[in-house]
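Below is one structure, written out as structure tokens; the observations come after it.
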């Protein structure tokens, strides 16, 4: 564009052979095409930046089924992003102000939230093996919606409940999210195998939707807690599962038509046995169990100190005494930072080998945790940095790094799934991750209890966080378990992708993504 502009400027004197007068020159300068062209260039650039996300979504919708994209937006954006962030803040205040539980015990309770996530292989087996009315995915979105909606309304409307009943309702809410997650993940895993070039884009879309939903959830949670109280605010958590029920009726899925004359129950049991056999065969493969072990240990060794920090954030004596609204703002800014993390990965990091990328990200993950130590010790005040500014900076850095660390690990999991049991096997890998998160929560709870971090005593909180950071850095020594392959490479033996004896052929007629000659041409390109 610059060269064209230069040419236009140079060619202008050739139009009039005589030298123009000063008035003419000023008039011509006022009508010079250079400035309008520059303005047009800037406007075009801004417009292209604004429409680029929509063009990207249009590309994904054209290559994949639009209802599948809608499912990702709903499950990752509302069910996980909004519900997860809103649930996190509201339940923190619920345990602290309504039930008045110690932070170490809250860590144990939060660990129990992961039980439905640990059961993901069971949900995966159901979706892969036991169709309802000929559908493998649609009914389970409905089941997830009903479970989450009923659980949220019970705990919100029945007044102060015994701790055990409240905990059961919270587990029910997470169960609805987990069932919906495993159902959409089965579709993503299948599509990542069939459309390998689009796998990073699908994970980027998942990350963006999750971060956008988290932004909405965090930014509104403090307001609702302040004005409605933590218990009544839980009513809002019934909205996303209600939409999951709608998704179960609108998402595209080809109904399975069984030509066999064998009884359905007998066939289901045979498929179940085949699925278990396929999972056993796959998990024994070194290319599978080594990265799975790394993913578990990287999560488990990073012990969670969230509840201790949350109680300290809101303490008027030992901590900075952040208000309910500002707590939501802190987490909302973290969600925005997560979106930047997705963009950084999508634009610059998706072509790096798995091992190199995870090595440097894990290193940054451990070093960035030292910001928490500085904050707890209040060294930021020594340097003249206000608490509000420092915590926003810390949340931004940690969320960017966490998101960049999360996407390649999820993408790696999709690369380890054999065809035919991709829903079940991906759920197994996510179960391993959930076990790692559960271990992290319980390990952090025991550390908080061991170092006597309570509702009012935060003397040793900095020491617990320092131990957490050392364990994060120690995880780098396990990086050899991650393959050196690129993110677009096939990681498991070819026979696991093609062998039918150990996998389930029931999904051959099931495609939540339409496969056409256009898609095959796209893959070939």
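Cβ from N, Cα, C; glycine included.
Caution: TrEMBL annotation is automatic and unverified by curators.
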Query = Taking 25-44, 45-64, 165-184, 185-204 as the choices, which stretch does TrEMBL tie to transmembrane segment?
reply = 165-184
Key: Intrachain residues whose Cβ lies under 8 Å of the transmembrane segment (460-482), provided they are six or more past its termini   = 290-291, 293-294, 297-298, 301-305, 308-309, 312, 354-355, 358-359, 362-363, 365-367, 369-370, 372-373, 376-377, 412, 444, 447-448, 451-453
Key: Intrachain residues whose Cβ lies under 8 Å of the transmembrane segment (231-252), provided they are six or more past its termini   = 65, 67-68, 70-71, 74-75, 78-79, 82-83, 86-87, 90, 94, 98, 137-142, 144-149, 152-153, 155-157, 159-160, 173, 176, 180, 221, 224-225, 512, 514
Query = So which of 139-159, 165-184, 205-225, 326-345, 357-377 is most in touch with the transmembrane segment (107-127), counting Cβ pairs under 8 Å?
reply = 165-184
Ask   = Which bits of the chain, at least 6 residues beyond where the transmembrane segment (139-159) starts or stops, bring a Cβ under 8 A of a Cβ in it?
value = 71, 79, 83, 123, 126-127, 132-133, 165-166, 169-173, 175-180, 183, 231-235, 237-238, 240-249, 251
